Amino acid sequence: MTFRACVLTLFPEMFPGPLGSSIPGRALKAGLWELEALDIRDFATDRHRTVDDTPFGGGAGMVLRPDVVDAAIEAGWPKTGPLVYLTPRGRVLDQELVREFAAQPSLTILCGRYEGVDERVLEAREVTEVSLGDFVLSGGEPAALALLDAVVRLLPGALGATDSLDEESFENGLLEYPHYTRPAVWQGRSVPEVLLSGHHQKVSEWRKARAEAITQTRRPDLWARYTARRAEFTNTAVGGPNGECGQ
Ligand code: ADE
């Protein structure tokens with residue numbers, strides 16, 4: 001089934017943009033997903049095609065009008081999947097949420113500009129607010145491109161035979177181990193000996209140990225979750241958590 005993405009934006013010319021190249025571009029051409037970018041301005045009702053107005057209560061900036069945004073939602077949202085508003089105040093995106101979105105038939109993304117969208121339309125439509133991280137973009141569009149890239153590469157058939165999901169960062173709760181290729185010595189730096197040994201078991205153990213060490217030092221939050229899950233598994237199940245049987 002084709003995954004349907006709909007983006008509601010004041011800058012439809014930004015799409016597909018980078019999503020027309022590489023993995024998402026190939027998947028788009030192969031019909032694994034389809035993309036529609038609707039111009040919010042097309043839903044303005046006055047002669048000047050006004051989409052925003054000054055905030056009640058005063059203050060800087062402009063706010064997108066609820067009536068205009070709601071008309072765009074009504075036209076674009078297929079209602080078979082979530083309606084997402086991209087904003088720094090939303091739930092921070094992670095691979096778990098990306099997987100949830102990729103399992104849906106569709107994803108509709110509302111991109112804000114200016115100070116944002118009138119709160120009432122977010123309430124009325126029960127919008128899911130999502131953030132890319134604790135920083136401020138000039139609008140939701142770059143966040144929508146990143147979100148769709150992350151989602152689309154998980155669609156069945158999107159990754160080529162040589163790409164693998166199993167061992168990449170976050171799939172097993174760990175950051176990725178380091179990679180090396182030829183030449184075996186570069187600028188006096190050698191590749192770790194074990195990787196040249198041809199001993200698959202030892203390579204696996206080395207990669208897992210490196211992934212664990214990197215996660216522990218760089219991301220204590222992920223490490224705490226990983227060790228908690230590992231403890232839970234060893235208490236309740238035969239065999240290890242995902243991280244123990246991969247790599
Ligand atoms: N719009 C502006 N900044 C954003 C962010 N950090 N995440 C999602 N959407 C945004």
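Positions of Cβ are set from backbone N, Cα and C atoms, glycine also.
Values in this document were obtained by computation on a predicted structure and should not be read as measured data.
Here is what TrEMBL says about this protein:
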type    : residues                                               : note
BINDING : Gly112, Leu132, Gly133, Asp134, Phe135, Val136, Leu137 : S-adenosyl-L-methionine binding site
DOMAIN  : 6-224                                                  : domain 'tRNA methyltransferase TRMD/TRM10-type'
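Taking every protein chain shown into account, Gly112, Gly133 are the binding-site residues, and of these the Cβ with the most other Cβ atoms within 10 Å belongs to Gly112.
Proximity to ligand 1 (Cβ under 6 Å from any of its atoms) holds for these binding-site residues out of Leu132, Asp134, Val136, Leu137: Leu132, Val136, Leu137. Binding-site extent for S-adenosyl-L-methionine: residues Gly112, Leu132, Gly133, Asp134, Phe135, Val136, Leu137, maximum pairwise Cα distance 16 Å (rounded to the nearest whole number).
Taken together, the residues in the domain 'tRNA methyltransferase TRMD/TRM10-type' (6-224) have a mean pLDDT of 96 on the 0 to 100 scale. Leu137 (S-adenosyl-L-methionine binding site) carries neither a helix nor a strand DSSP state and counts as coil. Each of the binding-site residues Leu132, Val136, Leu137 was scored by the number of other CB atoms within 10 A of its CB, and the lowest score belongs to Val136.
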